[in-house]
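*Asks:* The structure under discussion is supplied below as structure tokens; questions concerning it will follow.
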Amino acid sequence: MEAAHSKSTEECLSYFGVSETTGLTPDQVKRHLEKYGPNELPAEEGKSLWELVVEQFEDLLVRILLLAACISFVLAWFEEGEETVTAFVEPFVILLILIANAIVGVWQERNAENAIEALKEYEPEMGKVYRADRKSVQRIKARDIVPGDIVEVAVGDKVPADIRILSIKSTTLRVDQSILTGESVSVIKHTDPVPDPRAVNQDKKNMLFSGTNIAAGKAVGIVATTGVSTEIGKIRDQMAATEQDKTPLQQKLDEFGEQLSKVISLICVAVWLINIGHFNDPVHGGSWFRGAIYYFKIAVALAVAAIPEGLPAVITTCLALGTRRMAKKNAIVRSLPSVETLGCTSVICSDKTGTLTTNQMSVCKMFIIDKVDGDICSLNEFSITGSTYAPEGEVLKNDKPVRAGQYDGLVELATICALCNDSSLDFNETKGVYEKVGEATETALTTLVEKMNVFNTEVRSLSKVERANACNSVIRQLMKKEFTLEFSRDRKSMSVYCSPAKSSRAAVGNKMFVKGAPEGVIDRCNYVRVGTTRVPLTGPVKEKIMSVIKEWGTGRDTLRCLALATRDTPPKREEMVLDDSAKFMEYEMDLTFVGVVGMLDPPRKEVTGSIQLCRDAGIRVIMITGDNKGTAIAICRRIGIFSENEEVADRAYTGREFDDLPLAEQREACRRACCFARVEPSHKSKIVEYLQSYDEITAMTGDGVNDAPALKKAEIGIAMGSGTAVAKTASEMVLADDNFSTIVAAVEEGRAIYNNMKQFIRYLISSNVGEVVCIFLTAALGLPEALIPVQLLWVNLVTDGLPATALGFNPPDLDIMDRPPRSPKEPLISGWLFFRYMAIGGYVGAATVGAAAWWFLYAEDGPHVSYHQLTHFMQCTEHNPEFDGLDCEVFEAPEPMTMALSVLVTIEMCNALNSLSENQSLLRMPPWVNIWLLGSICLSMSLHFLILYVDPLPMIFKLRALDFTQWLMVLKISLPVIGLDELLKFIARNYLEG
């Protein structure tokens, strides 16, 4: 049944053709079950494990590597002699890399799907219904409840479906619906229709929502919707429909991969075509087919050389290290790739309650009457420090500390706060903080009593557990609470009836203490308390009191005000009818006004500084709250989202105002606005969509089930540590301390991580460019192989991987939070950088080939062949006069390969030093600023020595140990790369960056 909240109870009953007393007939139940289906959220149809595995191989680079592995595997079958071990190592290693990558990918995907399953925990198991086949109420499984069922709920129950309340069987019915609406206090329900068909969930005061909890009272209602049609079901559908987008870096790497695969394909084809004339060379035994296979192997080597196999592992390691650093700052990252996305966040949409504020109501102002002279009335106004439930803070008058006990009015005010109250404070020893037990508003009053300490109780020697309620206990010993007249909507107040304790001399007779909404309480006051006397309440005095309350309730503070009053001579206990709440108003008459307290959910101390940091970093902060607009704007002014006197007409909207705008203006509003009040979860998703249409990268916070769709849709969903399991599983990050400042720290970390990733991605790619140039040159010039795939894999994975990982430890730039967020479209490698890598890569390739050629042409222990013989080595046979006196086996010697590999590794170590900074010289930023990098370079070189000097590794890698002169040559060829890069950095600094 749609819009059940706007219908009367009679309309709801007749819509389903049911009576409130008997319930549905078995026949109706059957029909409704067929029509509406069972009352449960369908399980999510997740992808099968096989589908997830196949998805990991949709990447072009992965497919090229897979093809290369298959081809090498086939070729390895046909190898003979010693070669076979080496030949099988290569496809085996490639497959291992691919399997490892696929496992990581599948694991991450699996995590993402748990969000929808977590909604299940809010499904109630059982429900209590009235049906025509039984006289009394019966318990049935919640999934069997159908629309039209008459359901009974009582305190402690979980609501089994969306229910329109028919009758309330207790004084009040309070429901905790924070999981759905994010409201921090429980909501009082009623049975009257809510005439607005577009009312937000917070305003549907006659509805109970599936999955919420009954906090107090008992009621009977009719089921309006079940299963997916309930509010929680709609949330599930929104989540199921939300597709996860790739992070900016993932998109960049995908684009890069596609370009790279096209380039690889072109180069492979080019190498084949250049050498097509060599297919018949004698070295292949004159067989065209074997020649083709040989060049096929070179093409495979090229593919292996061009793909940075170590990159996924290095990125994962760097992100994992980043998440550890973030965890120390209370930001727990659930999805690794999102660490980098944080770096380009341009908008943070934050909840107000608990994130920007402490979610700990605290009294910050109060007043009592100072004196009344005819119609002239003066007040004593006080402010109170401290913004949490901790019983620490001072009472100030005119900004100077005062002792509350010296004001009689404050003693009585503290008495009312302590007695007209069912809550208390509790010191949580594991967390080391004070927490509320009971309602937030009442706990604020309990804390106020502790701060006031009107009877000068000795509290310094008490432990924190004893300190929690010390002053309240003293007051409660003086007066004994007999009974409570519960809060009700019509009188908007509650009261307690107290009698003096036996030993007490303080109070003379019985008293009634009242607290409630100021207008309601003051209307029932005939007197005001001045010191210890009472004075009749006149019109002008009442006006003065109401004007201060109005001033506190609007303007900068927008405090929530409570009036406190006493009935000095209440009726006798036995004359009061306590089970008829309609009579409560009569008993709370003839009151004496004592004072007013103003409370708010105060902003966190560190938030103002964080918002300024965001402003400096070019990040817009938008506050989104279910609170009313006045309170929202006031908090925005307090924390610096709006300045004190800024005009906010087109920068703050309620959910309703936003909906009333035409679509184009809604989109425009999201571009300007910094405050949305009275919003529903669906608005959050809409706001994220509009922001994304402007290419903004949005971080969205939330803690309730209702926030889950928006958390899933935003690039960065941020759940609160105290939030629901659904919100946590739908998010990328969880704030352990629920603190807005933690988000800003995480953004800073994200920016630093991205900068470091840029450095090592570029470092690894320039290494691959060098390898490709090397293989291309050997093939184009007709030289013997300088590097084989197994060696390339070793370099890409191990020797390059270690320094690349260490580059992730580069210290962040000092001005990292003074720059605007980078655009997600900013390329990883721009024009000039591309030229730089080609230049460095060209040098690496030429140096590697040069080192191999040097051994053939000039080395003391080399064969001293001529350049012509070297470039035509394929025609070498015993009968060819050009190669007289030369053993053709020499062209397959391991020494030139060892020279080439050693030069490649040494140059890469120099390149790692070059990558310490994008444009800073090594003289300005010396190697020891990143001690990890120096360590990893030493480790990489040690591993290189390992494969050169420790058997049987040289045989597997086809290498031979080098002597001192050969190592000197390696250094001579390698070190100039530092000079070359310094020159390119100098040009970039002085001529390209203005």
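Cβ coordinates come from backbone N, Cα and C, glycine included.
What Swiss-Prot records for this protein is below:
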| type | residues | note |
| --- | --- | --- |
| ACT_SITE | Asp351 | active site, 4-aspartylphosphate intermediate |
| BINDING | Val304, Ala305, Ile307, Glu309, Asn796, Asp800 | Ca(2+) 1 binding site |
| BINDING | Asp351, Thr353, Asp703 | Mg(2+) binding site |
| BINDING | Thr353, Glu442, Arg489, Lys515, Arg560, Thr625, Gly626, Asp627, Arg678, Lys684, Asn706 | ATP binding site |
| MOD_RES | Thr441 | phosphothreonine |
| MOD_RES | Thr569 | phosphothreonine |
| MOD_RES | Ser581 | phosphoserine |
| MOD_RES | Ser643 | phosphoserine |
| REGION | 788-808 | region 'Interaction with PLN' |
| REGION | 932-943 | region 'Interaction with PLN' |
| TOPO_DOM | 1-48 | topological domain 'Cytoplasmic' |
| TOPO_DOM | 70-89 | topological domain 'Lumenal' |
| TOPO_DOM | 111-253 | topological domain 'Cytoplasmic' |
| TOPO_DOM | 274-295 | topological domain 'Lumenal' |
| TOPO_DOM | 314-757 | topological domain 'Cytoplasmic' |
| TOPO_DOM | 778-787 | topological domain 'Lumenal' |
| TOPO_DOM | 809-828 | topological domain 'Cytoplasmic' |
| TOPO_DOM | 852-897 | topological domain 'Lumenal' |
| TOPO_DOM | 918-930 | topological domain 'Cytoplasmic' |
| TOPO_DOM | 950-964 | topological domain 'Lumenal' |
| TOPO_DOM | 986-994 | topological domain 'Cytoplasmic' |
| TRANSMEM | 49-69 | transmembrane segment |
| TRANSMEM | 90-110 | transmembrane segment |
| TRANSMEM | 254-273 | transmembrane segment |
| TRANSMEM | 296-313 | transmembrane segment |
| TRANSMEM | 758-777 | transmembrane segment |
| TRANSMEM | 788-808 | transmembrane segment |
| TRANSMEM | 829-851 | transmembrane segment |
| TRANSMEM | 898-917 | transmembrane segment |
| TRANSMEM | 931-949 | transmembrane segment |
| TRANSMEM | 965-985 | transmembrane segment |
*Asks:* Drop a 10 Å sphere on every Cβ of the recorded positions Glu309, Asp351, Asp703, Asp800 and tell me which sphere holds the fewest other Cβ atoms.
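*Replies:* Result for the recorded positions Glu309, Asp351, Asp703, Asp800: minimum number of other Cβ atoms within 10 Å at Glu309.
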*Asks:* For Ca(2+) 1, what surrounds Val304, Ala305, Ile307, Glu309, Asn796, Asp800 with a Cβ no more than 8 Å from their Cβ centroid?
*Replies:* Ala306, Pro308, Gly310, Asn768, Glu771, Leu792, Leu793, Val795, Leu797
*Asks:* Excluding the flanking five residues on each side, which residues at least 6 beyond the ends of the region 'Interaction with PLN' (932-943) place their CB within less than 8 Å of a CB in that stretch?
*Replies:* 798-800, 802-803, 805-807, 809-810, 905, 908-909, 912-913, 916
*Asks:* Have a look around Ser643 (phosphoserine) and count the other CB atoms within 10 A of its CB, chains all included.
*Replies:* 10
*Asks:* When the number of other CB atoms within 10 A of each residue's CB is tallied over all shown chains, which of the recorded positions Thr353, Thr441, Thr569, Asn706, Asn796 has the maximum?
*Replies:* Asn706
*Asks:* If you count the C-beta atoms lying within 10 Å of each candidate's C-beta, which of the binding-site residues Arg489, Arg560, Arg678 ends up with the smallest number?
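*Replies:* Fewest other Cβ atoms within 10 Å, among the binding-site residues Arg489, Arg560, Arg678, is found for Arg489.
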*Asks:* If you skip the near sequence neighbours and keep only those at least six away, which residues in the chain come within under 8 angstroms of Ala305 (Ca(2+) 1 binding site), Cβ to Cβ?
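*Replies:* Listed in sequence order, they are Asn768, Glu771, Val772, Cys774, Ile775, Leu787, Pro789, Leu792, Asn796.
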*Asks:* Neighbour count, 10 Å Cβ-Cβ cut-off, for Val304 (Ca(2+) 1 binding site): what number do you get?
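*Replies:* I get 29 for this one.
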*Asks:* Which of 49-69, 296-313, 829-851, 965-985 shares the most C-beta pairs under 8 angstroms with the transmembrane segment (788-808)?
*Replies:* 296-313
*Asks:* Return one of helix, strand or coil for Asp351 (active site, 4-aspartylphosphate intermediate), based on DSSP.
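*Replies:* Where Asp351 (active site, 4-aspartylphosphate intermediate) sits, the three-state DSSP reduction gives strand.
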*Asks:* What is the total of other Cβ atoms whose distance to the Cβ of Gly626 (ATP binding site) is within 10 Å?
*Replies:* 25
*Asks:* Counting only residues 6+ away from its ends, which parts of the chain sit with a Cβ under 8 Å from the topological domain 'Cytoplasmic' (809-828)?
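*Replies:* Contacts with the topological domain 'Cytoplasmic' (809-828): 248, 251-253, 256, 321, 343-346, 613, 616-619, 695, 697, 748, 751-752, 754-756, 758-759, 761-762, 916-917, 929-930, 932-933.
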